[in-house]
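Below you'll find the structure, written out as structure tokens, and then a few comments.
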2 protein chains.
Amino acid sequence: MQKVYIEAYTSILSFGLAYDGLSTMEKLYGKSIIIADREMVEEKVDDILIEASESDVAFLVVGDPFGATTHTDLVIRAKKLIVEVKVIHNASVMNAIGACGLQLYRYGETVSIPFFTETWRPYSFYEKIQRNREIGLHTLCLLDIRVKEPSIESLCRGKKCYEPPKFMTINVAIEQLLEVTEAHGASAYDENSRCVGLARLGCEDQIIVSGSMKDLLHFDFGPPLHCLVIVGELHPIEEEMMEFYKVK
Amino acid sequence: MQKVYIEAYTSILSFGLAYDGLSTMEKLYGKSIIIADREMVEEKVDDILIEASESDVAFLVVGDPFGATTHTDLVIRAKKLIVEVKVIHNASVMNAIGACGLQLYRYGETVSIPFFTETWRPYSFYEKIQRNREIGLHTLCLLDIRVKEPSIESLCRGKKCYEPPKFMTINVAIEQLLEVTEAHGASAYDENSRCVGLARLGCEDQIIVSGSMKDLLHFDFGPPLHCLVIVGELHPIEEEMMEFYKVK
């Protein structure tokens, strides 16, 4: 392998790129690793592909290699340039979520909850949750990650300045979810609906807590990444797992 | 780690337990590995848990550790016996399916297609596929695996004899899917509906082919495991990937 990139904006590495994580990986692989930030992946990916057409290049991602559209796009570009792609699969929140005890085949469509702003409060995830709940399915909610977002100020001035990274907490997600359902007459779910909050899934210090939205609204889950499941109908074995993780 | 088990009936190890796979793993870990077959997992699991309460025991599975209900059940039993469980996540068909280029968040509920028999032809997966298709979502179909099934003859005679292992091919799955939709007036899908067939996903010799059900009905995908996606509405980037994998 001549070059190793790691993509660092659609997720975060649990042991921290900014701290010792990267050097740990570099020691393990015996290679230096180049961090591919949003700018590089979105604007300079053709340079990486040109390298890959002449030598072996690894492109590491956190989670599943096809978890983000941007990675599928990379594969398409490679195929068009007749650059051979070999994929090594990995665990992802899409299946590691099984840790909370709800069966993977009982989930409906996954939804993404974006940070609401003063002027942008999209409610489109509501309909998907409602459909899942109508047929008793669980809903995995992926919470917004904002890394390397150009600041509005910098956009106006035409030079690149970035907002500090922002990761949505379970608390903010529930706050937004409740705002949306109230606007709809709370027909799909309400503050008494059962949820499971998961923080740092797969890490040594992961936390899994089940309870009503109201219960979890102010629960401190600690550092990112967080995700949330809105629970559908429970099978007995799922019910037992929910009990183990019940909020104290 | 004092003892290492590998569960060998809810899936198959791609490099083959029966051949060199097991010894390759034993060499890698420097430990002998005990194959836990269906009988052991379903009937003697308490013995494993008793060992685990006194020493470190590893229980390996193929795919995600929570992919099968039987594994969640094992965790519940362990928790009840206050045996500490540490989970190491892994790729699973539930996310590796991303390899075909359809976005993971655009899948609806996953369905399982069981082998039809003369007397047992359950049509229950049809309704789920229909619901997914009504809202434009893809459907992952997991195909039946029958390993260590007691033969009917042996059940009658009261001694254990097993049927040879049986893995459903994409061809049989499509045949059954078409039988079911015809019985329903072909309202959810028909032989012209677009699918993706995947064989040996994640292996060196994996095959991914997209086409109509009719196209794939007689396509030879080779050895197991197979799985099938019934395609929903396509985004442009998904459409491009489907083209790459189009049946010749």
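Including glycine, each Cβ sits where the backbone N, Cα and C put it.
What TrEMBL lists as domain 'Tetrapyrrole methylase' is B:38-216.
Take the CB of B:Leu143 (S-adenosyl-L-methionine binding site) and look out to 10 A: across all protein chains shown you find 20 other CB atoms. Under DSSP, B:Leu143 (S-adenosyl-L-methionine binding site) is assigned to a strand (E or B) in the three-state scheme. Per TrEMBL, S-adenosyl-L-methionine binding site is recorded for B:Asp64, B:Gly67, B:Ser92, B:Val93, B:Leu143, B:Leu201, B:His226.
With an 8 Å limit on C-beta distances, the binding-site residues from B:Asp64, B:Leu143, B:His226 that reach chain A are B:Asp64. In the three-state DSSP classification, B:Val93 (S-adenosyl-L-methionine binding site) falls within a helix. Within the model, the domain 'Tetrapyrrole methylase' (B:38-216) shows a mean pLDDT value of 92, rounded to a whole number. In the three-state DSSP reading, B:Asp64 (S-adenosyl-L-methionine binding site) counts as coil. The Cβ of B:Ser92 (S-adenosyl-L-methionine binding site) lies under 8 Å from the Cβ of B:Gly63, B:Asp64, B:Gly67, each of these being in the same chain and 6 or more residues away along the sequence.
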